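Enquirer: Let me give you the structure first, and then I'll get to my questions.
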Ligand SMILES: NC(=O)C1=CN([C@@H]2O[C@H](COP(=O)(O)OP(=O)(O)OC[C@H]3O[C@@H](n4cnc5c(N)ncnc54)[C@H](O)[C@@H]3O)[C@@H](O)[C@H]2O)[C@@H](O)CC1
Ligand SMILES: Nc1ncnc2c1ncn2[C@@H]1O[C@H](COP(=O)(O)OP(=O)(O)O)[C@@H](O)[C@H]1O
Ligand SMILES: [K+]
C-alpha cells in the first residue's frame, strides 16, 4: 500500500520528530536522500551543471543543502534565489562553502543538466508568485527534480490553479502527499521517490493499492465452491437503442470472479449470442432470481429508472452506472436512504457533475476533473454511497471518508464502452463478497492493467479488448 498524508499531519509529525533530534538533522536527512536521487539521474556528478530554484522557505533549504552535497562531488552548482533577501541562510552558506554560487541569470534554467525545484513545498499557498511563475513555461535541457512537491501543485488535493513546474522526478519526504497521486498534480510530479525521514504518522487519508494488495483481495474459489457459492452478479443494462453496453457489462462481469452472471434487459438475445454462459431472466431485478449484487444502468436508456428502483429495493449491494446515475441525480440521494446493503456509484466526470447538481452543488465536468478528491468525497458523503470517479486518476471514496486512488490507468482506456466493462467487473467483485471500497479499487486496478496489457507498447484498443485482457491482468497479479 502507498500512503499519502495531508500537510497538517506532516507538520505535526515533523514537529514531534524535530523536537527529539538535534537541530537541522531532519533537513539533512531530506537533503541526503534528495542528493542521492539527483546523483542517480546524472550520467556523472563531477562537472555537471546543477541549478537550484530556491524559494525562501525550508523547501529552498532542502534544495540548497542537496546542491551543496552535489557540489562537494564536483558539480557546478548554482542557485537562483527567488527572493534573495529571504533565502535559507544556512543552506546558502553550505552551498557557498562547497564551491557553489548564486546567479541571477534565468537562462541558467535551460542550460542546466539538472534543475532542483525548491521554490515551494508543503508551505505553498495559491498560484506561484510572479518571480517563480515564468519557470513553469521555460524550455529545459536536463531533468527537473521537484523537492517534496512540484511547485504550483496543491499538496493536499493535486489541484493546479496556475502555472506549475513540470517535474521529471519528485523526491518527497516522510510520506506521499495526495497531490502527488491525483491528477492534475500527479501529471506534474513525474516519477515519485519517497525518502523516509522517520516520521511517526497517523492513519493516511488517501491510499493507493499496489499489486500485492489487490492480489490479496481477489477471490479464490475453495475446493467446496460452486457457481452459486462464488457469487452471482445480476446485470440490468442495455436497451433496444444501446444493446452494446449490455454485452460489455456482461463481458466485464464474466471475468470478475463471480460464478455466474444473470442478465435482465432488452438485449438478451445479443447477450446470449455473444456470451452463451449468461443466465437470462425475463423479469426485472425485483423478480429476476437470486443474485449477490446488481449492476444497473449501462446503456439503460428509458428503462434505467425502473431498473434502478427495483435493484435498490433488493437487499443486495447495487452498483449504479451511466443512465442509472442520471436518474439518481434527478431523483436525489433520498432514494438510497435506508438501504440494507451498500451502494456503489461509478460516474465519469460528467455524471459526477450531475450527481453534484442533484445535491445543489452546481458545477461542470471540467471542474470535477480538476478537483477529483473534492468531487468524489462530496458525492460519497451526500449520497451515503461509495463512489468510483473515473478518469485519468480514478478516485474511490467511501462515505466513511476513506479514499483510494488508482494509478494503473492509461489514456488508451478512454474508448467507448470501456466504462461498461468496468462496471460489470466491479459488480462481479461485489458479488463475490468484497466491500464496495475493495471491489471498486480492485476493479479500477485490474481495468487499468488490462488496458495497458491490451494497448501493448501503444495502440488503440476496444472495450472488448479490455475485457479480453482482464484474465492476463488478473494472472499478472496472482501468478
Ligand atoms: N522543517 C524541516 O526540518 C523539514 C522541512 N522539510 C521541507 O520543508 C518544506 C516546507 O517548508 P516551509 O514550511 O518553510 O514552506 P515552503 O518552503 O514549502 O514554502 C514557504 C515559502 O514559500 C513562499 N511561498 C508560499 N506560497 C508561494 C507561492 N504561491 N509562490 C511563491 N512562493 C510562495 C513563502 O513566502 C515561504 O517563503 C517541505 O516541503 C520540505 O521540503 C523537509 O525537509 C523535512 C524536514
Ligand atoms: N486519460 C485516462 N487515463 C486513464 N483512464 C482513463 C482515461 N480516460 C478514460 N479512462 C478510463 O476509461 C473508462 C471510460 O469510462 P466511461 O467514461 O464510462 O466511458 P464509456 O461510457 O464509453 O464506457 C474509465 O474507466 C476511465 O477511468
Ligand atoms: K518544490
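Note that Cβ sites are derived from N, Cα and C of the backbone, with glycine treated the same way.
Keep in mind that TrEMBL annotations are predicted by a computer and have not been checked by a curator.
As annotated by TrEMBL, domain 'YjeF N-terminal' applies to 10-205. Annotation source TrEMBL lists (6S)-NADPHX binding site at 58-62, 121-127, 148, 245, 299, 348, 420. For 59, 117, 151, the entry in TrEMBL reads K(+) binding site. Positions annotated as domain 'YjeF C-terminal' by TrEMBL: 210-477. The AMP binding site annotation in TrEMBL covers 390, 391, 392, 393, 394, 419.
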Enquirer: Does any of 59, 122, 148, 151, 391, 419 have a Cβ within less than 6 Å of an atom of ligand 2? These are the binding-site residues; tell me which, or none.
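Expert: From 59, 122, 148, 151, 391, 419, counting a Cβ under 6 Å from ligand 2 as near, the near ones are 391, 419.
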Enquirer: To the nearest whole angstrom, what is the C-alpha distance linking residue 391 (AMP binding site) and residue 151 (K(+) binding site)?
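Expert: One finds 24 Å between the Cα atoms of these residues.
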Enquirer: Neighbour count, 10 Å Cβ-Cβ cut-off, for residue 58 ((6S)-NADPHX binding site): what number do you get?
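Expert: Around residue 58 ((6S)-NADPHX binding site), other Cβ atoms within 10 Å: 21.
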Enquirer: Nearest to residue 122 ((6S)-NADPHX binding site) by Cα, among 151, 392, 394, 419 (binding-site residues)?
Expert: 151
Enquirer: Relative to the mean position of the Cβ atoms of 59, 117, 151, the recorded K(+) site, which additional same-chain residues have Cβ within 8 Å?
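Expert: Once 59, 117, 151 are set aside, the remaining close residues are 53, 55, 60, 63, 118, 119, 120, 121, 124, 146, 147, 148, 149, 150, 165.
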Enquirer: Counting only residues 6+ away in sequence within the same chain, which have a CB under 8 Å from the CB of residue 394 (AMP binding site)?
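Expert: Once residues fewer than 6 apart are set aside, residue 394 (AMP binding site) is near 388, 405, 406, 409, 444, 448.
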Enquirer: If you count other Cβ atoms within 10 Å of each one's Cβ, which of the binding-site residues 125, 348, 390 has the most?
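Expert: Per the Cβ count within 10 Å, the most buried is 390.
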Enquirer: At the Cα level, what's the spacing in Å between residue 393 (AMP binding site) and residue 148 ((6S)-NADPHX binding site), rounded?
Expert: 20
Enquirer: Average pLDDT across the domain 'YjeF N-terminal' (10-205)?
Expert: 97
Enquirer: Looking at the binding-site residues 59, 151, 392, 393, which one has the fewest other Cβ atoms within 10 Å of its own Cβ?
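Expert: 392, out of the binding-site residues 59, 151, 392, 393, has the fewest neighbouring Cβ atoms within 10 Å.
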Enquirer: Which of the binding-site residues 61, 125, 348, 390, 419 has its Cα nearest to the Cα of residue 151 (K(+) binding site)?
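Expert: Ranked by Cα distance from residue 151 (K(+) binding site), first place goes to 125.
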Enquirer: Among the binding-site residues 61, 122, 390, 393, 419, which have a Cβ atom lying under 6 Å from any atom of ligand 3?
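Expert: By the Cβ criterion, which requires under 6 Å to ligand 3, there are no hits.
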Enquirer: Of the binding-site residues listed here (58, 125, 390, 392), which is spatially closest to residue 117 (K(+) binding site) when Cα positions are compared?
Expert: 58
Enquirer: Can you go through the binding-site residues 58, 151, 390, 392, 393, 394 and pick out those with a C-beta less than 6 angstroms from ligand 1?
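Expert: The binding-site residues passing the 6 Å Cβ test are 58.
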Enquirer: Inside 8 A of the center formed by the CB atoms of 390, 391, 392, 393, 394, 419, which other residues of the chain have their CB, for the recorded AMP site?
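Expert: Output for this site, in sequence order: 348, 349, 389, 395, 406, 409, 413, 444.
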Enquirer: Record lists 390, 391, 392, 393, 394, 419 as binding AMP; longest Cα-Cα distance in Å?
Expert: 14
